[in-house]
C-alpha cells in the first residue's frame, strides 16, 4: 500500500512541474491535455443538458486518470490527503451523471485550474472569416467622426444661420457697420427673384397695360376739339346742384338700376381719369407706358379698390326706336368710355336742361314685369280652386310686393293700366257665435245626474215631474191637520156660507163711481185675479191648507239652519196667515232640496218655477200601449 501511494504522489508532482513550466512544447503535454479540434470545442461549448432527451455523444474526449469525473485505477491516498466523497447517482435517460468522486491533491488541483484558464480553444473557420470581415473598433470610431464632420456647419459665417458672436455689443457693432455700408453704397439688398415670381410680375404688368386701353381708336376718333375743350372746362365738383333730379324709383330685372343723369354719383378722381383717357384716345395713338417698378407691381393688388362690374346694356329693340327723342340713360358708377357710339359729352347738359323743364319724364323699363308676372297665374289658380275670402276683394292680388306697386305708378309710354279700385264686399260679414261643434256624446255625458246633481245645472229653474209627485204626496198626507183648532181668521176662507145672504141695497151712481176709483190699482185686474186665485187669496177651502206648525216639523228634518228655513218660508208665503196652499208647499219643499244640493237661495222665486206647476189639480191617467 505504501509503495502504491508513493508512486502516485511522485506522478502527481511530476505533472505539476511540467505544468508550471510554460516553455514546454505541445509534444511534452500529455495526451489528456491536448487542445481539442474545432468540432470537439463546439461540443464542449454547447453541452447538452442532463434532463434533455438528446443522446449522449459517443466521441467525448477522455481526461486523464487524475480528473475528477473518472475513477482512478490507483489506490486512494491517505485519509489526510484525500477523502472520498459519496455522491448518489442520479439517472436521467439512462445516463449516470454522478459517480463517486475523490478529492485531488491541492497542488494538482491548482495546476488543473491554471491549465483551464490558460487554455484557449481555436474558433472555427466560419467564425474566423466573420471576425476578419468585420471592422475594428478604431475604424468604426473614425467613420462616425467623419460623418459628424461632414454634417457640421463650416467656419464660413455666411453658411451659418446664427452668428458666432453672441455678445450684444459685438452684434450691435456688426449691425451698425452693415447699415452704414448700405447707406454709403446707396443700394438696398433685394431678395433674389425666382423665375416663377418674375413671370407672375410680368403677367400683372400685362394685365395693367391691357386694362388701361378700354375703347378702340375708331370710337374716340369722332370727338372733336370742341368736345375735348368742353370736357376740360367741365367742373365735376359743382355737381351737387343736379342732385334733386333723381326722382325715378324704378328698377330693372337684372340688378342694374336706370336713373336720370346723376353726375353726383361720379367721384372727382374718376372723372379726371376719364377725361384723360378720352383725350389720349382722341389722338389715335396708343402710348407705351414705362416699365412698372417691382415694388409697385407687388403692391398693386393691395392698392387696387374693388370697382363695380360693367352692367348689361338694354336690348336694341327698345333703344333703337325713340333713341333720338329721349335722353340716353346712364348707369350708376359708369364711366363715359362705356357709352354707345355717337354719344358726345355735350348731351349731358342738354338732357339736364330737358329734365328741368319736364320732371315727369320716365324711362322705359325692361323687361315688362306686368306682362310676365308669375303671381297672376298663381292668383288665377287660387281663384279657381279655393274659396273666396270674406271682406277681401278677389280681384286684388295680395301676393304682389311693394316693388310691383311702385312699378305700376311709374309706368312708361309703352303701356299703362288703369288703377284698380277696391270694390265693397258683396255679402254681409257674418261672424260665428262659436267655433265649437255640437257633439251628441258630450250632450249625453253632461246631462243631469240625480246622484251627482252638482255636475249639471240644467233645469235648475224648473221642478221636474218626479219631484213634483213626491212633494204632492207629502202634502196630501199632512193637509188639513190642526186646522179646526185655528183661532185666527184665515184669508179666503168663507165663514158665512151657512148664513143668509144680505140684501143688496141700491147705491147712487156717484157713490158707486167713487168706490171704484179708490179700488183701481196700477196692475192689471185680470192679472191680479189670476195670481190671487193661484195662491187661494179669494176663495179657498180649509181642508186644502196646511198649517205652519206641520210645515216646520217637516222642514226641520232636513237639518238646515233655522235662518235658511225662515228665508224659504218668506219666499213662498203669499197668504200671510200662517198657512200654505198646495203650490206654495211644493215650491218650498223644492227650495229645501236645492239647499241640500248646495245651491244658494235666490232673492225671489222666478216665474218659471211657478209655471212648472201649471198642471196641479188635473188628474190625468196615462196608460201605456199594450196594457189594458
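Any Cβ shown, glycine's included, is placed from N, Cα and C.
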Among 229-252, 253-276, 445-468, Swiss-Prot marks as region 'Disordered' the stretch 253-276
As Swiss-Prot has it, region 'Disordered' corresponds, among 187-217, 497-527, 528-558, to residues 497-527
Which range is region 'Disordered' per Swiss-Prot? Of 398-421, 470-493, it is 398-421
Secondary structure of the domain 'EH' (527-616) by DSSP, residue by residue, totals 53 helix, 4 strand, 33 coil
